[in-house]
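Q: So that we are looking at the same thing, I have put the structure below in C-alpha coordinates.
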Ligand SMILES: C[S@@+](CC[C@H](N)C(=O)[O-])C[C@H]1O[C@@H](n2cnc3c(N)ncnc32)[C@H](O)[C@@H]1O
Ligand SMILES: Nc1nc2[nH]cc(C(=O)O)c2c(=O)[nH]1
Ligand code: SF4
Ligand SMILES: [Mg+2]
(Lines of atoms letter the chains of each structure in order from A and count residues from 1; the text may use other names and numbers.)
(Lines give C-alpha, C1' and ligand atoms only; values in the text may rest on other atoms or scores of the structure.)
(Ligands and ions follow the chains in the order given, each with its own letter.)
Protein backbone atom coordinates (compact mmCIF):
# COMPACT_ATOMS: atom_id res chain seq x y z
CA UNK A 1 0.00 0.00 0.00
CA UNK A 2 1.18 3.55 -0.69
CA UNK A 3 1.50 6.04 2.19
CA UNK A 4 -1.60 7.80 0.88
CA UNK A 5 -3.60 4.55 0.72
CA UNK A 6 -2.63 3.71 4.31
CA UNK A 7 -3.56 7.21 5.47
CA UNK A 8 -6.98 7.04 3.80
CA UNK A 9 -7.70 3.68 5.45
CA UNK A 10 -6.56 5.10 8.83
CA UNK A 11 -8.94 8.04 8.25
CA UNK A 12 -11.76 5.51 7.74
CA UNK A 13 -10.87 3.60 10.91
CA UNK A 14 -10.14 0.43 8.90
CA UNK A 15 -6.53 0.63 10.09
CA UNK A 16 -5.66 1.86 13.58
CA UNK A 17 -2.24 2.79 15.05
CA UNK A 18 -1.97 -0.07 17.52
CA UNK A 19 0.39 0.51 20.46
CA UNK A 20 -0.22 -2.65 22.47
CA UNK A 21 -2.82 -5.24 23.41
CA UNK A 22 -2.94 -7.22 26.63
CA UNK A 23 -5.23 -9.48 28.61
CA UNK A 24 -5.48 -8.33 32.22
CA UNK A 25 -7.87 -7.30 34.97
CA UNK A 26 -9.68 -3.97 34.56
CA UNK A 27 -8.02 -2.03 37.36
CA UNK A 28 -10.17 1.08 37.55
CA UNK A 29 -13.74 2.29 37.94
CA UNK A 30 -17.01 0.39 37.78
CA UNK A 31 -15.63 -2.81 36.17
CA UNK A 32 -12.59 -3.01 38.43
CA UNK A 33 -11.69 -6.62 39.11
CA UNK A 34 -13.11 -7.99 35.86
CA UNK A 35 -10.91 -9.80 33.32
CA UNK A 36 -10.72 -7.84 30.07
CA UNK A 37 -8.65 -7.64 26.91
CA UNK A 38 -7.17 -4.16 26.41
CA UNK A 39 -6.56 -2.63 23.00
CA UNK A 40 -4.37 0.48 23.28
CA UNK A 41 -4.61 2.72 20.22
CA UNK A 42 -1.84 5.29 19.73
CA UNK A 43 -2.30 9.03 19.28
CA UNK A 44 -3.26 11.71 21.82
CA UNK A 45 -2.82 15.49 21.84
CA UNK A 46 -4.60 16.26 25.12
CA UNK A 47 -1.26 16.59 26.90
CA UNK A 48 -1.93 15.66 30.55
CA UNK A 49 1.43 16.32 32.29
CA UNK A 50 0.90 13.31 34.59
CA UNK A 51 -0.22 10.88 31.86
CA UNK A 52 1.01 7.37 32.67
CA UNK A 53 1.27 6.33 29.01
CA UNK A 54 3.03 9.19 27.21
CA UNK A 55 4.57 6.64 24.79
CA UNK A 56 1.09 6.46 23.26
CA UNK A 57 0.95 10.12 22.21
CA UNK A 58 2.74 9.99 18.85
CA UNK A 59 0.50 7.98 16.52
CA UNK A 60 3.24 7.83 13.88
CA UNK A 61 5.37 5.40 15.92
CA UNK A 62 2.55 2.85 16.22
CA UNK A 63 1.93 0.53 13.24
CA UNK A 64 -1.31 0.96 11.28
CA UNK A 65 -3.07 -2.33 11.99
CA UNK A 66 -6.15 -3.86 10.38
CA UNK A 67 -9.22 -3.43 12.61
CA UNK A 68 -10.34 -6.92 11.56
CA UNK A 69 -7.02 -8.41 12.75
CA UNK A 70 -7.39 -6.59 16.09
CA UNK A 71 -10.96 -7.87 16.49
CA UNK A 72 -10.17 -11.47 15.52
CA UNK A 73 -7.30 -11.55 17.98
CA UNK A 74 -9.23 -9.91 20.84
CA UNK A 75 -12.06 -12.46 20.49
CA UNK A 76 -9.60 -15.24 21.38
CA UNK A 77 -8.98 -13.79 24.83
CA UNK A 78 -12.08 -12.36 26.47
CA UNK A 79 -15.76 -11.51 26.22
CA UNK A 80 -14.96 -8.02 27.49
CA UNK A 81 -12.82 -5.67 25.45
CA UNK A 82 -11.53 -2.29 26.66
CA UNK A 83 -10.45 0.13 23.96
CA UNK A 84 -8.07 2.74 25.37
CA UNK A 85 -5.10 4.80 24.29
CA UNK A 86 -3.86 7.36 23.65
CA UNK A 87 -7.19 8.91 22.85
CA UNK A 88 -9.26 6.34 20.93
CA UNK A 89 -11.85 8.91 19.81
CA UNK A 90 -9.20 10.61 17.65
CA UNK A 91 -10.02 7.79 15.25
CA UNK A 92 -13.26 6.53 13.70
CA UNK A 93 -14.18 3.72 16.08
CA UNK A 94 -17.14 2.50 14.01
CA UNK A 95 -15.28 -0.24 12.06
CA UNK A 96 -13.49 -1.71 15.10
CA UNK A 97 -16.53 -1.66 17.40
CA UNK A 98 -18.76 -3.14 14.69
CA UNK A 99 -16.29 -6.00 14.22
CA UNK A 100 -16.07 -6.57 17.99
CA UNK A 101 -19.88 -6.56 18.38
CA UNK A 102 -20.22 -9.00 15.44
CA UNK A 103 -18.04 -11.35 17.49
CA UNK A 104 -20.45 -11.08 20.43
CA UNK A 105 -18.14 -9.09 22.67
CA UNK A 106 -18.87 -6.45 25.31
CA UNK A 107 -17.08 -3.33 24.14
CA UNK A 108 -15.91 -0.65 26.59
CA UNK A 109 -14.02 2.59 25.99
CA UNK A 110 -11.71 4.69 28.16
CA UNK A 111 -11.83 8.25 26.81
CA UNK A 112 -11.19 11.88 27.64
CA UNK A 113 -14.20 12.68 25.45
CA UNK A 114 -12.22 15.44 23.74
CA UNK A 115 -13.22 14.24 20.25
CA UNK A 116 -16.58 13.43 18.67
CA UNK A 117 -18.11 10.14 19.73
CA UNK A 118 -17.79 7.35 17.17
CA UNK A 119 -18.40 3.61 17.55
CA UNK A 120 -20.98 1.43 19.34
CA UNK A 121 -20.18 1.04 23.03
CA UNK A 122 -21.64 -1.06 25.81
CA UNK A 123 -19.80 1.05 28.37
CA UNK A 124 -18.29 4.52 28.17
CA UNK A 125 -15.83 5.59 30.85
CA UNK A 126 -15.32 9.35 30.53
CA UNK A 127 -12.22 10.80 32.21
CA UNK A 128 -12.47 14.50 31.36
CA UNK A 129 -9.45 16.77 31.13
CA UNK A 130 -9.25 20.53 31.78
CA UNK A 131 -6.93 21.11 28.81
CA UNK A 132 -9.48 19.77 26.30
CA UNK A 133 -13.00 19.54 27.65
CA UNK A 134 -15.29 16.66 26.67
CA UNK A 135 -17.82 16.94 23.88
CA UNK A 136 -21.41 17.22 25.18
CA UNK A 137 -22.47 13.97 23.50
CA UNK A 138 -19.79 12.00 25.35
CA UNK A 139 -20.77 13.55 28.69
CA UNK A 140 -24.43 12.77 28.06
CA UNK A 141 -23.77 9.15 27.04
CA UNK A 142 -21.09 8.28 29.64
CA UNK A 143 -21.88 5.38 31.98
CA UNK A 144 -19.16 6.40 34.40
CA UNK A 145 -17.33 9.66 35.03
CA UNK A 146 -13.81 9.17 36.38
CA UNK A 147 -12.10 12.41 37.36
CA UNK A 148 -8.38 12.30 38.16
CA UNK A 149 -7.50 14.25 41.30
CA UNK A 150 -4.02 15.75 41.11
CA UNK A 151 -4.65 18.78 43.31
CA UNK A 152 -7.45 20.40 45.32
CA UNK A 153 -8.80 22.35 42.35
CA UNK A 154 -9.80 19.05 40.77
CA UNK A 155 -12.73 18.68 43.18
CA UNK A 156 -14.37 21.79 41.72
CA UNK A 157 -13.61 20.53 38.19
CA UNK A 158 -15.18 17.18 39.11
CA UNK A 159 -18.41 18.89 40.18
CA UNK A 160 -18.50 20.92 36.93
CA UNK A 161 -18.15 17.73 34.91
CA UNK A 162 -20.72 15.86 37.04
CA UNK A 163 -23.26 18.57 36.17
CA UNK A 164 -22.96 17.57 32.50
CA UNK A 165 -23.47 13.79 32.73
CA UNK A 166 -26.75 11.85 32.93
CA UNK A 167 -28.33 11.16 36.30
CA UNK A 168 -27.51 7.44 36.03
CA UNK A 169 -23.81 8.08 35.43
CA UNK A 170 -21.64 6.66 38.21
CA UNK A 171 -19.22 9.21 39.67
CA UNK A 172 -15.62 8.37 40.57
CA UNK A 173 -12.67 10.32 41.92
CA UNK A 174 -9.34 8.64 41.16
CA UNK A 175 -6.05 9.87 42.67
CA UNK A 176 -3.28 10.74 40.24
CA UNK A 177 -0.78 7.97 40.90
CA UNK A 178 2.31 10.03 41.76
CA UNK A 179 0.47 12.08 44.42
CA UNK A 180 -1.74 9.29 45.75
CA UNK A 181 -0.35 9.41 49.31
CA UNK A 182 -1.19 13.10 49.56
CA UNK A 183 -4.53 13.07 47.71
CA UNK A 184 -6.15 9.84 48.98
CA UNK A 185 -6.94 11.32 52.44
CA UNK A 186 -8.50 14.38 50.79
CA UNK A 187 -10.55 12.19 48.44
CA UNK A 188 -11.72 10.02 51.34
CA UNK A 189 -12.93 13.09 53.24
CA UNK A 190 -14.55 14.47 50.09
CA UNK A 191 -16.45 11.25 49.36
CA UNK A 192 -17.69 11.00 52.95
CA UNK A 193 -18.94 14.59 52.74
CA UNK A 194 -20.29 14.13 49.19
CA UNK A 195 -21.45 10.52 48.96
CA UNK A 196 -22.70 10.73 45.39
CA UNK A 197 -18.99 10.17 44.57
CA UNK A 198 -17.06 6.89 44.93
CA UNK A 199 -13.30 6.42 45.04
CA UNK A 200 -11.51 4.58 42.23
CA UNK A 201 -7.93 3.38 42.63
CA UNK A 202 -5.58 2.10 39.94
CA UNK A 203 -5.68 -1.36 41.49
CA UNK A 204 -3.59 -2.93 38.70
CA UNK A 205 -0.63 -0.85 39.88
CA UNK A 206 -0.98 -2.27 43.41
CA UNK A 207 -1.27 -5.77 41.93
CA UNK A 208 1.76 -5.24 39.64
CA UNK A 209 -0.14 -6.32 36.55
CA UNK A 210 -0.45 -4.43 33.22
C1 LIG B 1 -4.10 6.62 29.71
S2 LIG B 1 -5.77 7.13 29.63
C3 LIG B 1 -6.24 6.64 27.96
C4 LIG B 1 -7.67 6.94 27.62
C5 LIG B 1 -8.02 8.42 27.44
N6 LIG B 1 -7.00 9.17 26.78
C7 LIG B 1 -8.36 9.05 28.78
O8 LIG B 1 -7.56 9.86 29.28
O9 LIG B 1 -9.40 8.69 29.33
C10 LIG B 1 -6.62 5.85 30.62
C11 LIG B 1 -7.06 6.27 32.00
O12 LIG B 1 -5.91 6.46 32.82
C13 LIG B 1 -6.09 7.64 33.58
N14 LIG B 1 -4.75 8.08 33.98
C15 LIG B 1 -3.73 8.39 33.16
N16 LIG B 1 -2.63 8.72 33.86
C17 LIG B 1 -2.96 8.60 35.18
C18 LIG B 1 -2.24 8.80 36.39
N19 LIG B 1 -0.98 9.22 36.40
N20 LIG B 1 -2.89 8.58 37.55
C21 LIG B 1 -4.19 8.18 37.55
N22 LIG B 1 -4.92 7.96 36.45
C23 LIG B 1 -4.32 8.18 35.26
C24 LIG B 1 -6.83 8.56 32.61
O25 LIG B 1 -7.45 9.65 33.22
C26 LIG B 1 -7.83 7.59 32.03
O27 LIG B 1 -8.94 7.46 32.89
N1 LIG C 1 -5.32 -3.11 34.34
C2 LIG C 1 -5.54 -1.94 33.75
N3 LIG C 1 -6.73 -1.33 33.92
C4 LIG C 1 -6.93 -0.17 33.26
N5 LIG C 1 -8.06 0.58 33.23
C6 LIG C 1 -7.87 1.62 32.39
C7 LIG C 1 -6.58 1.54 31.87
C8 LIG C 1 -6.11 2.42 30.78
O9 LIG C 1 -4.91 2.66 30.64
O10 LIG C 1 -6.97 2.87 30.03
C11 LIG C 1 -5.96 0.42 32.43
C12 LIG C 1 -4.70 -0.20 32.32
O13 LIG C 1 -3.74 0.29 31.69
N14 LIG C 1 -4.55 -1.39 32.98
S1 SF4 D 1 -6.03 12.24 27.54
FE2 SF4 D 1 -5.49 10.19 28.29
S3 SF4 D 1 -3.83 9.42 26.95
FE4 SF4 D 1 -4.10 11.60 26.54
S5 SF4 D 1 -2.54 12.59 27.82
FE6 SF4 D 1 -4.44 12.56 29.04
S7 SF4 D 1 -4.40 10.64 30.21
FE8 SF4 D 1 -2.82 10.47 28.60
MG1 LIG E 1 -3.53 2.62 32.25
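Yeah, the Cβs are placed from backbone N, Cα and C, and that goes for glycine too.
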Q: According to TrEMBL, 25, 26, 27, 40, 210 bind substrate; which one of 65, 69, 84, 97 is annotated to that same site?
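A: Between 65, 69, 84, 97, TrEMBL records just one in the substrate site with 25, 26, 27, 40, 210, namely 84.
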Q: Of the residues 13, 86, only one is listed by TrEMBL in the S-adenosyl-L-methionine site with 50, 51, 52, 127, 128, 129. Which is it?
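A: Among 13, 86, only 86 appears alongside 50, 51, 52, 127, 128, 129 as S-adenosyl-L-methionine-binding in TrEMBL.
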Q: Considering all pairs of residues in 25, 26, 27, 40, 84, 210, annotated in the record as contacting substrate, what is the maximal C-alpha distance expressed in whole angstrom?
A: 15
Q: Could you tell me which of the binding-site residues 27, 50, 128, 129 have their C-beta within a distance under 6 angstroms of some atom of ligand 2?
A: 27
Q: Determine which residues of this chain, when 25, 26, 27, 40, 84, 210 are set aside, have a Cβ within 8 Å of the centroid of the substrate site's Cβ atoms, and list them as they appear in the sequence.
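A: The answer, listed by sequence position, is 22, 24, 28, 36, 38, 82, 204.
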Q: Within 10 Å of its Cβ, which one of these binding-site residues (25, 44, 48, 51) has the largest number of other Cβ atoms?
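A: For the binding-site residues 25, 44, 48, 51, the Cβ with the most other Cβ atoms within 10 Å is 44.
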Q: What is the average pLDDT across the domain 'Radical SAM core' (31-210)?
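A: Overall, the domain 'Radical SAM core' (31-210) comes to a mean pLDDT of 99.
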